[in-house]
Amino acid sequence: MAEGFLFNIIGKLIGKLVSMVGENWRMKDDLERLIENMTDIKAVVLDAEEQESTNHQLQVWLDRLKDALDDVDNLLDDFSTENKKRQVMTNDCIKEVCYYFSSLFFSFKMTKRVKDIGKRLEALNVDRGIFRLTNRNLEERVVKYRETHSFIREEDVIGREKEKNHLLELLLSTDVDMKENVSVVPIVGIGGLGKTALAQLLYNDKAIDLHFELKMWVCVSDDFDVKTIAKKILEPKTNDEMDRVQQELRKKIEGRRYLLVLDDIWNEDREHWLKLMTLLMDGAKGSKIIITTRSEKVAKISGSSSPFLLKGLDEEQAWKLFTQLAFENGKEPHNPKLASIGKDILKKCSGVPLAIRSVGSLMYSMETENDWLNFKDKDLVKIDEEGGNTIFQLIKLSYDHLPIHLKRCFAFCSLFPKDYVIVKEVLIRLWVARGFVQSSHERTCLEHVGNEYFMSLVYKSFFQDLQKDTYGDIKFCKMHDLMHDMANFVSRNDCVIIIEQGQNIDKRTRHLSFDSSLQVPSSLLKAAKLRTFLLQNYSKQSFGMSDCCLVISSLDQLRVLDLRWSKFKMLPSCIDKLKHLRYLDLSNNSQIKTLPGSITKLYNLETLLLQWCFALRELPNDLRNLVSLRHLDLSGCRKLAFMPRGIGKLSNLQTLTLFVLDRKSKHSGGLCELRDLNNLSDFLEILGLECLRSNPSKAKDINLTGKSNLRKLSLSWSKHIVADDNEKDKDSLIVEGLLSHHNLKLLSIAGFEGMTISSSINSFTSVVRMGLFGCRRLQHLPPLHLLLHLIELHLSDLPCVEWIVINSDNDNSSTFYPSLKRIELYELHNLKGWCRCGEEKRPRDCCHGLNILEYLIIESCPVLNSLPLHSCIKRIRLNKVNEKILQQAVNHSKVDTVELERIYGLKSLSQVLQHLTELRELSILYCEELDACNDENGCYSMQWKQLANLRSLRLYGIFKMESVPEGLHYITTLERLIIRDCPNLKHIPEWMTSLQHYEIAGCPKLTSLPQGVRVLKY
């Protein structure tokens, strides 16, 4: 357990116990004694945590304390569960009578438990006197900081030439357009990357000496006191009052172009920063302040628009630094095995110079191959211990600066394997389920608070490789390997990953990540304190029904149970034994059809994930009893027949991804169930809207206006139920009734049977993604080009649509799809063009343009003849369109990737190749009329060399190709060439053998091959 955790946990438990004293549980005296003992222990627990590593008896005492606190937590949870059970029971008179008698027994049983736990804590309180622990508060805890200076030898810094040159350019620039005389250049990165070393390298560069009149270096660390920093800049020779100090500082820099390095800043308070900057703004134009920090937030408050994010060394530079330190005379060894082992060891360092230096220095004294092999098998934490903890002592400073709540959240991340892609939404829900996310306001959404926690860890460089969605929201992230090592270090035995058969699980383990391809070990079933169980390695899933029963029956303290990709057909009915469960993930189970009714007794369940359970047909009728449920994810469960009646009573529900309408089942809830679920957020799909054709006015029951947090809406009618002529206008009325919400980011409509869609869609000015699918009678699209924020447009199976834009005469080019970046068109068999202006004029005379379009996919649009102008497309995929569209799509040199399949009338690429000078990937598939080398104007085989940046080429089904285009030989960047199903290909050139990767298959006329080349068989 990391430092401060127990102090924090005891404080929260005491708070809950105090509130319980006032409730009518008839055990006030016992509860007050419990609180008194816990308060005494809390006073000394910080001192105990700091000493435990050197005192085995104290470790045992702390383990006993953790067990007792777990039981207090379970006790409190049982009281809370009983209250929720009462809430459910009192809705039914018969159940209420039964509950009265069961509650009497519950009170008796809980009184005994409170007494038993009280005795254990009283004994612990007495035993603490043995260790002579002192009272401590969190504020008294001291974090050790380092001191830095400005000097470094240039030859000691390896692999940072590129970064140095980039930053030198920034420092030496005297841009006349700069608003301020003094600008800030932040260098941001995790501990050990060499931020200080890079700043030292810049500070001592000769060009810097010539450019700046004055240079100053201050190591700030955690003491961001304006007076202290100012005195350090003036040199430690004054003890004057602040007013005198600020006068001296401003006088020193006034009118002089200076460079100031503020090294190792942790302050995230913008007001403190602005107070310091007030004293530093009198320098001459071109003055620069370099700050080094581990936090992007620090860089942000400094006012810099673009911080320099320092990365690890690449493989080549890392090996160069390692070689210099690990081998004699800094030269690579003659023994290739030693070099190979060294490169494997180097991977542990993840490109971090500090780790490379520390590990390399340790390796220097090892002479034999066996020494190196033994070293290779150790994890980095063990290696660092041998080297005097130089790596983690520095990196752990970032962790030491975290508040307790963030320390717990970070340590929990050790459950994910290295290089694991973490889903932000899942991580936050796990934090909430484990009780790590707290808010002082009852109405505050815990997931919003959890998002703040996540962003704090992002800003402090604990997460990296962030991936955002179309809406600009972070969806995924990773942890740097060294950060992962640190998470393992601080979580110690609390969080364990089981990746090998026979790996033992300590009975005190609280959180477990388990490789699902392994057999369940007996030690798992003895880990009775387990709160979290996560399955990993889904590709080799073997976790079945019997395993599931074992886990559920043995681990009754679980708060989190992740059974993704499991193979069982039915969740065991004993699931109700997990009365503390907050989080249950059954997603991606392709066999489960129903859920046991006993699941509705999980009154604490907050998250139930069932996405992509394709076989799931129904939900339990008493689902409304899950009074704590906040997230019900049913994405992809399209076989669900109906939604159970009463689901609208789940007032805490924030996520409901699917709602199915049905008029057949007596248990089915109507659209009115959604009326009061106004906390719903993110995404909602409504299936079965054909049920409303008999009474379209019911569409208003959804009350979309009240759901201000809903951002994505999908509306679907069954394609198996075709509206008759009397009903075809009803769908338009349904859409008008539903679409009363103007904050949507995504709108998808599928199976709509009307001829036109209400133009009220245009009032949805926030829409970023729009999709229309399988609307078989739709003739005219609404004026989507007026949606100024639309980024992605998906149109599929609209057989009656001829034009995407009907009337655009009054629109200028600046308002014509101004934000559109991605277009996907599928099976628009009668689509003639984008807008009618292309009908009478040539497309290039069209006044409209898609000025920022980057991604274009068109498939099965055989009569399409025109596209708007464009100049930024990077990726193109065309399938079953005519050659004219190809010519219009590929008309500039910014295209990066092209895939062409079955292009009608395509006989030659001679008019296309000239525009593809920046192309990196090209695929030409089954264009039967194409000759890759010759056309009516003769041979154009050499024109292929115009693809000067091509890296990958696929040629499938090019029936007229007899030889590989000669021009490809001159493309020095080409790495990969695959040729398949070219029945007339007769010759393979020798140069192909020099490519990194090549494949040839289905080419029966090949008579001779270069040496070493063989044709693949299917």
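Just so you know, glycine gets a Cβ as well, placed from its N, Cα and C.
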Open item on the list: Among the residue ranges 31-82, 239-290, 343-394, 811-862, I'd like the one that TrEMBL describes as coiled coil.
Closed with: 31-82
Task: Candidate ranges 9-88, 178-329, 415-487 - greatest C-beta contact count to the domain 'R13L1/DRL21-like LRR repeat region' (671-797) (under 8 angstroms) - done: 415-487
TODO: On the DSSP side of things, how many residues of the domain 'R13L1/DRL21-like LRR repeat region' (671-797) fall into helix, strand and coil, could you say?
DONE: 35 helix, 30 strand, 62 coil
- [ ] Run through the domain 'Disease resistance N-terminal' (9-88) and tell me, per DSSP, how many residues are helix, strand and coil.
- [x] 73 helix, 0 strand, 7 coil
